[in-house]
Amino acid sequence: MLVLFTWTKTHWLKLEDLIELRMADIRTYNVVILGIGFLLIFTAFTTCGNIEQTVVKSLNSTNFTGSGYHSLGIIYGVFSFCNVLAPIIVTIIGPQFTMFLSGVLYSGYIAAFIIPSTWSFYFTSVVIGIGAAMLWTAQGHFLVENSDASTINRNTGLFWALLQCSMLFGNLYVYFDWKGKTEITDKDRKIMFTALLVISALGTLSFLALRKVCQQEEILSEEEGQYLLSARLKYKQRATSAVTETKTQFKTILEIFKTKTILLLSFCMAYSGLELSFYSGVYGTCIGATTHFGDVAKGLIGISGIVVGIGEIVGGGLFGLVLKNNRFRRTSVVFLGMVVHFVAFYLIFLSIPDDAPVVFQTSSQHKPYLVPSLSIALLCSFLLGLGDSCFNTQLYSILGRAFAEQSAPAFAIFKFIQSMFAAVAFFYSGYILLTWQLLVMVIMGFTGTLCFFMVERMQNMSADIQEY
């Protein structure tokens, strides 16, 4: 009898190990599929954002009066406000279906460029702003759900590595497809956005391949005799719980927003939104509108996007991983980011025509101080990506340290401020000459860096006091 018990216990332990191993494999599989889904969707969307103002300028239809800048401004503005409501939707319908639904909304926005009309262009801009809030909220929930303390860093790194590659492939396609073209015809536009639509649709469908990781818990609960609630009651309880959690989180956000730390960091967050709009939508348009680049100008939009992505990847890997836990290096990295951006802004000021972001239907008419250079333009692209990664990695780092117990509300404030200022920047980008746009970013960048230094000093002083 004892031998039988020992044999049964041993095999039960082996069975548990096999189940845990299988669950770990499912979680890793889910993270990879999640990253591939985002890679495909944002290959389409990032490429779309990079070229859409150039595409809009090339439309021959007299009935279309939309602006790519305004569209991106609407997206970021709606996204910033919908972040508050998105957790309710994710809690009620689940992260997997939320991401699938969001992917459909992203695909709808891209499809609007195939047969463009002003009303559908702006309507889908609002819709994709809502979809973006749901998508990123669901992504965070799903990533945590498929990770534990020992795998969260690995899974996060794997996901972001796949996501950052989205800046490479779509822009490479733009370069080869538009190389040598001075005008974007209706046929060129339809081919480009049909391809992007297919890529986005594949990314959306990949979310259906995600697998649940709670089967074992459901079996155990049935064995323990717990009652299964009806689907209607489940959703009602989820909705009630989500609303309660959202109210609590909103109160926490308001409390944190009043702190000196957030008030100071808000300048740095605002700057990250301004430069986000510049490198993701404005600078590519400027290159495409520069007359001196001739037949290769439109193709250079894609190459510029690729080089920005390389700068982001280099900066994210170096400053996000190597210096992640070293508090004494944060100010150095942010200072480097400011210097790198200011060098890029100065070179852009000298070599890109002042009217490049605002000229419509034609190439730039103004002459820059220096003859536009392909190498300088691409160097600026790299510096913009590198500097952006400097600011973002260190903002995440300092928020994680200053609000370790309230990280979710703190990051929500960060995304809200960043998205709002990106929206504002996109709205004025089509009306203000390049010089003034660069000046606004220089002033805000210097102020934001100074405020970041003050917060870092406050955090170090607080740490020293706690040690005593």
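Cβ coordinates are placed from backbone N, Cα and C, and glycine is handled just like the others.
The transmembrane segment annotation in TrEMBL covers 28-47 (among others).
The transmembrane segment annotation in TrEMBL covers 67-90 (among others).
As annotated by TrEMBL, transmembrane segment applies to 97-115 (among others).
A Cβ distance under 8 Å defines the sequence-distant neighbours of the transmembrane segment (121-144), meaning residues of its chain 6+ beyond its ends; these are 30-31, 34, 38, 41, 64, 66, 70-72, 74-79, 82-83, 85-87, 89-90, 95-96, 98-99, 101-106, 108-109, 112-113, 152, 155-156, 159, 210, 415. The transmembrane segment feature in TrEMBL is assigned to 121-144 (among others).
If you look up TrEMBL, you'll see 156-176 (among others) marked as transmembrane segment. Under 8 Å from some Cβ of the transmembrane segment (156-176) lie the Cβ atoms of residues 31-32, 34-36, 38-44, 46-47, 50-51, 139, 143, 147, 192, 195-196, 199, 299-306, 308-310, 312-313, 316, 321, all in the same chain and six or more residues away from its ends.
Feature annotation from TrEMBL assigns transmembrane segment to 191-210 (among others).
If you look up TrEMBL, you'll see 261-279 (among others) marked as transmembrane segment.
Feature annotation from TrEMBL assigns transmembrane segment to 299-321 (among others).
The transmembrane segment feature in TrEMBL is assigned to 333-349 (among others). Tertiary neighbourhood of the transmembrane segment (333-349): same-chain residues 268, 275, 283, 286, 319, 323, 369, 376, 379-380, 383-384, 386-391, 393-394, 434-435, 438, 441-442, 445-446, 449, 452-453, selected by CB-CB distance under 8 Å and a gap of 6+ residues from either end.
Summarising the annotation, TrEMBL assigns transmembrane segment to 369-387 (among others). Same-chain residues lying 6+ beyond the ends of the transmembrane segment (369-387) with a Cβ under 8 Å from its Cβ atoms: 275, 278-279, 283, 287, 290, 292-293, 296, 300, 303-305, 307-315, 337-338, 340-341, 343-344, 347-353.
Under the heading transmembrane segment, TrEMBL lists 408-428 (among others). Cβ atoms under 8 Å from those of the transmembrane segment (408-428) belong to residues 69-70, 72-77, 79-81, 83-84, 136, 249, 252-253, 256-257, 262, 265-266, 269-274, 276-278, 281-282, 395-396, 399, 402, 437 of the same chain, restricted to positions at least 6 beyond its ends.
Within its own chain, the transmembrane segment (434-455) is flanked in space by residues 261, 264-272, 274-275, 278, 282, 286, 330-331, 334-335, 337-338, 341-342, 345, 348-349, 352-357, 391, 394-395, 398, 402, 425, 428, which lie at least six positions past its ends and keep a Cβ under 8 Å from the stretch. What TrEMBL records for 434-455 (among others) is transmembrane segment.
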Leading contact stretch, 97-115, 191-210, 261-279, 299-321 vs the transmembrane segment (28-47) - CB distance under 8 Å: 191-210
Long-range Cβ neighbours of the transmembrane segment (261-279) (under 8 Å; 6 or more residues past either end): 72, 76, 308, 334, 341, 381, 384-385, 387-388, 391-392, 395, 398-399, 402-403, 410, 413-414, 417-426, 429, 437, 440-441, 444-445, 447-449, 451-452, 454-455, 458-459
